[in-house]
């Protein structure tokens, strides 16, 4: 016979009013916080990724494609210098 872990059954947790009071506040708050994090551009600053309009400058409009894997470092350096 299996023992018990002493934890509440999941069905008791999901049907409790306390669970829904807490989660009806936290889930929308997390969604709104994530939306603000991305829409204000803070996510770009935190993770250091370029914004969509910064991928290609006016001077460089071609794709930076590496063709030869054995000379990849040299090709990347040439693409950066352009």
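Even glycines carry a Cβ here, placed using N, Cα and C.
Among the features that Swiss-Prot reports, transmembrane segment is placed at 21-35, with the record citing sequence analysis. If you look up Swiss-Prot, you'll see 23 marked as heme binding site, on the strength of sequence analysis.
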Quiz item: Against which stretches of its own chain does the transmembrane segment (21-35) lie, if we need a Cβ under 8 Å and a gap of at least six residues from its ends?
Solution: none
Quiz prompt | CB contacts for the residue listed as 'heme binding site' [other CB atoms within 10 A, all chains] | solution = 11
